[in-house]
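Novice: This structure is in structure tokens; I'll ask about it shortly.
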Amino acid sequence: MNISFKSGAIPDTARSPANGMYETRSDQACPCIWMDDQRRSMDEFTSYGGTPCGGGAGPATPRSTPTEGMEGPRKSLSLLFKGLGLQKTSGRLSDADELLSPETLGMSAGFYDEIRRSNASPLNVPFSLATSFQIPEGDVYYRDAGDPVAKAPPPTDDDYLDECMDLEMGKDVNPPESIYLQFEDVRYKVVVKKASKWGCTFGMKAGTDKEILHGITGSVGAGEMLAMMGPSGSGKTTLLNVLGGRRSNPQWLTGSILYNDVPYTKNLKRRIGFVTQDDVLFPHLTVRETLTFSALLRLPDRFTKDQKLQRAEAVLAQLGLQRCGDTIIGNQFLRGVSGGERKRVCIGQEILINPSLLFLDEPTSGLDSTTALRIISLLHKLAHQGRAVMATIHQPSSRAFHMFDKLILLSDGYPTYFGKAKGAMTYFDTIGFTPLIPMNPADFLLDLCSGNTNDVSLPPNLQQRKKSIASQKQKITPASVPGTPMTLLGKDVKKYLADCCEHQISTWDRTKSLQNQKLQQNLKHLQAVVSEKQQWPTTWWDQFIILFMRGFKERRHEYMSLMRVLQMVLSALLAGSLWWHSKTSTFRQLQDQEGLLFFMGVFWGYFPLFTALFTFPLERPILMKERATDMYRLSAYFMARTLSDLPIEIGLTIIFVVIVYLMANLRHGFLSFIYTILAVCLDVTASQGVGFCIGAAIMDVQKASTLASVIVLGFMLAGGYFIQNIPPFIGWVKYLSFQAHTYKILTYIQYEDAVNVRLHGDLANSVLALAVMVVAYRAIAYISLRRMKISV
Ligand SMILES: Nc1ncnc2c1ncn2[C@@H]1O[C@H](COP(=O)(O)OP(=O)(O)OP(=O)(O)O)[C@@H](O)[C@H]1O
């Protein structure tokens, strides 16, 4: 079948002088589609919902604006091509793919040659094609040489719905600049840290370099799903992190990693989605709340709040999560959504921003094969909507395997295959490895990468080696040889595969950097557009409000916890009973009452401190995940997080103080009562600061709680009640003790007018000291968080 475009030819005058690319002009004719069998084509075209524009063979109808009336033809065009078995891609065209001829695409032969010669980046090719034919940027249609057109399935109703959903969701989203990721000879090493005396860097000297990735080459473009497979420890996660710009030590990375021929820049963060292996989500938020908060934080300000909410709903629908929309996420202690649903929520959080490049680390691990297949179909769909998807997969079923477009196989950090997934079996067959019994291709490939060649035919030299190892086995005991005969053969197999792969990759169609100056300029132009964007998607204040609300919702179960309120009320009643109607007539009575004041300071220094202590260590994974995508400013998160617990702590403090004050019959007078409440609230705020500070500085729950208990003990002992004459060398502790300052303030409030009472210092100094602590401890906590590495 011959397909042609007519009246879509771009006149030379439409060439933009700025970048040499073609641009849609408002007076440009709308292209029409013609085929040999015109009747059939028009029927098909209209049956997919299209409306012939421009009036068929008649004169082309000028459009008033470039976008007017585009949705119909755009959708129809896409569906029509699908029906004809033509594939849509935004990836580079390989030599195997037949780009439709220049005339059929309505472009000048010179421009066509330009594209072919440079094998141009998708960022450029589709841009010009898309604008000239009003198909979405990033899409280009081609005929895959290996896939006869006649075999392609017609579009189904689901396809149609997907298209509609795409259009719906794609509306007003970031411009879908396609990203073509190309990496070549990527090597990455780590320095194994010096082990402690009893530590175990087994088998290697402390401080030794360890190369994890040994020259990996590959590429993935929009419309493609690249699967990365290999045995455990083969370097999949490391490679994914490196490609996703999440390496902790860039100086240990060598090789070339280019995104549209440009190295990684921070601006790419918002074009890249990264789903980590562990599902890092708030357990007490519902699925809908999780996606909604992500949408509110990640979508830029040009979306209205309603649009952001709609987008969250659309993603919820697209991922089939409506049924569990109002179920909490849950965790190992709390029943929530299923593992597959949780994984889909993680994917949803990333596709909310319509990323051009989506990385997923083992999205199917721990899932049953049916759920895993659903996830892989979803990724396949997402890829074919115009994204580049790269995922590490452990054990795909054969059905899942057939959905991969490209495949990278790793073995001990060495590449053993890179190419089309459907070509993998043929490739291994040509180098001498063929399964002897029917087996899942994924199992076969993973076995090979592990050096396991059971039920697999071997190439002659390895066959020979196998025999010689088997005969040696008779003569040499395993104790005298490092490794069993099987592992010896396994090592040879891996080496053989790595050697063959080096040759295979060198013959793979490696596209070179752009040679064409004009295209290069256009690329730079688009990169500049990306970098010009506002650095943060939302304002500081919006981030603060959203994070505050999210923090409040996540911990509402704690706030609303009856147990927590009961705990405070019962403690207050107990203290009130013990100091029931306390008096100050005698020295002993006075001493007793001072004990109550000291207890109030200690009690309200202890609880908030330990609650705050765990805040940052427990939220660290979420913070790292969200900061890695530049979702919000650290200062907005810090302020929201440190303030969101305060109202409830203050509320509980007031309840406690009111009960104790009245029961213990402390000093009469409204002002004394209010000052006492204020003093205890200041104590709570300062002690929270200490908790945040220790937690953020140490970021380890166990170590932080050990240190905090020692510090609290020290502050309490130096608090002025137990000891007055502290030796000078440790006397400074009392100045740091918020309990000491609170105790001073409370005694001052109670006994201000008394003559024969030990007043412990100056009220103003203590208030000032506590106020400084409120700020200073928090500042240290903030600086500690800032210094925290957010890369892996
Ligand atoms: N920071 C590090 N220090 C020392 N060794 C490391 C470090 N990071 C990774 N490795 C080692 O590099 C190898 C590859 O690790 P990686 O996590 O990438 O493997 P993987 O293929 O993703 O494994 P799995 O499938 O089990 O998740 C492993 O042997 C691992 O122990």
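Numbers run from 1 along the shown chain.
Placed from the backbone N, Cα and C atoms, the Cβ positions cover glycine too.
Whatever TrEMBL says is automated annotation, not expert-curated.
Feature list, courtesy of TrEMBL:
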- 181-437: domain 'ABC transporter' (DOMAIN)
- 1-22: region 'Disordered' (REGION)
- 49-73: region 'Disordered' (REGION)
- 595-618: transmembrane segment (TRANSMEM)
- 638-664: transmembrane segment (TRANSMEM)
- 670-697: transmembrane segment (TRANSMEM)
- 704-723: transmembrane segment (TRANSMEM)
- 763-785: transmembrane segment (TRANSMEM)
Novice: Given a Cβ distance threshold of under 8 angstroms, which distant residues of the chain, six or more beyond its ends, lie next to the transmembrane segment (763-785)?
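Specialist: Here the qualifying positions are 616, 623, 634-635, 638, 642, 682-683, 685-686, 689-690, 692-693, 695-697, 699, 735-736, 738, 741-742, 744-745, 748.
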Novice: Could you tell me whether the transmembrane segment (638-664) and the transmembrane segment (704-723) have 3+ CB pairs under 8 A, leaving out pairs under 6 positions apart?
Specialist: no
Novice: In this predicted model, what is the average pLDDT of the domain 'ABC transporter' (181-437)?
Specialist: 86
